[in-house]
C-alpha cells in the first residue's frame with residue numbers, strides 16, 4: 001500500500017492539470033464565483049440606481065443618438081437622387097461649354113455665340129421698346145408696347161431677385177459683362193436670357209399676327225439663345241430650363257395684370 005500511494009502521488013504531481021494555475025479551469029473556486037456574483041449584483045444595483053437618478057431628458061438623448069448616427073451614415077433617397085442629378089447637370093453643362101474660352105474646341109465661334117446672346121439681353125429690348133413707343137401713333141400699338149415694357153421690367157426684377165436668393169455660380173469661372181451688370185444678371189440660376197426670350201416669344205406669338213415661318217423662327221430663336229448660354233459656359237442646363245419656365249410664368253403674370261388702353265394713355269401723358 002505505501003508503494004502504491006507513493007506512485008499515485010507522483011502521478012498527481014506529474015499531471016499538469018493538477019497544478020494550481022489550472023485548478024480554476026477544471027474546478028472553479030467557490031470563493032471566486034461568490035465574489036463575481038456579488039460584484040455583478042452590486043454593479044447591477046448601482047446601474048439601476050443611476051438609471052433611476054438620471055434625468056429623463058438625458059435618457060431620451062441617449063436613445064436618439066443611435067438613430068441620428070444612422071441618419072448621418074444612411075442618407076435619404078431624395079438626397080442621393082438630388083446629388084446625382086446635380087452631378088449629371090454639372091457634367092453635361094461642362095461638356096456643352098464648347099465656347100467657354102478661346103482654348104475650347106469651338107473657341108473660334110465664341111464671338112458669334114456672344115452676338116446671339118446679345119439678342120436676348122434686356123437693355124437692347126427695353127431701349128428698342130421705348131423707341132417704338134415714341135414713334136407709335138396707334139392706340140393698339142401703344143397698348144401692346146406699354147405692356148411689353150412692363151413685362152421686360154418685371155423680368156429683370158424677378159430674375160435679379162431669384163439670382164440673389166440662389167447665388168449659384170456657373171459651370172465655368174466667367175465674369176459677367178457690362179450689360180449683365182446693368183440688368184443685375186450676375187449669377188447663374190435662373191438664366192435671365194432664357195426667361196426673357198421665353199417671355200418675349202410667347203408675348204409675340206399671342207399679340208402679333210405672324211406667318212407660320214416667322215412663328216417657327218421665333219421659337220427657334222428662343223431655343224438657340226438658351227443653348228448659347230450653356231455653350232459659352234455662363235449657365236448650367238437646369239438654369240436655362242428653369243429660365244424658360246420662369247419666362248412663361250412671367251408672361252402669364254403680365255396677362256393677368258394687363259394694362260388697358262386708357263391706363264396706357266394716362267401713363268404716356270404723364271411721361
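Cβ from N, Cα, C; glycine included.
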Students should find that the transmembrane segment stretch in TrEMBL, chosen from 112-138, 166-192, is 112-138
From 144-162, 239-257, the residue range that TrEMBL assigns the feature transmembrane segment
144-162
Confidence summary (mean pLDDT) of the domain 'Phosphatidic acid phosphatase type 2/haloperoxidase' (143-255)
91
Tertiary contacts of the transmembrane segment (203-228), defined by C-beta under 8 angstroms and 6+ residue spacing from its ends, are 96, 113, 116-117, 119-120, 144, 148, 151, 191, 193-194, 197, 240, 243-244, 251, 254-255
